[in-house]
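So the structure is just underneath, and the comments pick up after that.
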Amino acid sequence: MTTIITVRKGGKVVMAGDGQVSLGQTVMKGNARKVRRIGKGEVIAGFAGATADAFTLLERLEKKLEQYPGQLMRAAVELAKDWRTDKYLRNLEAMMLVADKSITLAITGNGDVLEPEHGTTAIGSGGNFAFAAARALMDTDKSAEEIARRALEIAADICVYTNHNIVVESLDVEG
């Protein structure tokens, strides 16, 4: 699996993810890019789970963003509706974090669209470790990027399905 984290602090929203792709007990690739910009560069998306499934969902989200430009929440809800009701999509095994300048959302395969509190959230095999680390660092003077990187490093030290090859994307937030 993998670990993806997002941190919103100090005028920035940062998303970071590791690069490990595992097949069972084997590391197949160490430098996959699971965090990327979509929606004309206005949205950051990160995924955990089956890679092909995640790409399918990213493509669907991009289409929803074209349909509802500048409305990340609406696009995410419409994607979640499709994900939950479509016979093919319902079987996809992936989760996504998405963020734009004003909102961060976690989109699950159950059709949930969740807006995290406390300025941070994480998904994937090391998500709970990264989330706990980020929560502990939110009250420090560290920047959003420093928190995201350190939280992922801690998760990678603990979770065998997360590595230290970290990719970071960031956006300036409204404020």
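First residue shown is number 1, and so on along the chain.
Positions of Cβ are set from backbone N, Cα and C atoms, glycine also.
Noted in Swiss-Prot for the protein shown:
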ACT_SITE  T2  active site
BINDING   A156, C159, T162  Na(+) binding site
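Sequence features annotated in Swiss-Prot and their locations in the structure.
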residue: T2; record: active site; Cβ contacts under 8 Å, 6 or more apart: G17, D18, G19, Q20, V21, A32, K34, F47, A48, G124, S125, G126, Y161, T162
residue: A156; record: Na(+) binding site; Cβ contacts under 8 Å, 6 or more apart: T3, D18, G126, T162, N163, H164
residue: C159; record: Na(+) binding site; Cβ contacts under 8 Å, 6 or more apart: T3, S125, G126, F129
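Cβ-based neighbour count (10 Å, all protein chains) for T162 (Na(+) binding site) stands at 30.
DSSP assigns C159 (Na(+) binding site) to coil in the three-state reduction, placing it in neither a helix nor a strand.
Excluding A156, C159, T162 themselves, the residues of that chain whose CB lies within 8 A of the CB mean position for the Na(+) site are, in sequence, T3, D18, Q20, S125, G126, F129, A130, L152, A155, D157, I158, V160, Y161, N163, H164.
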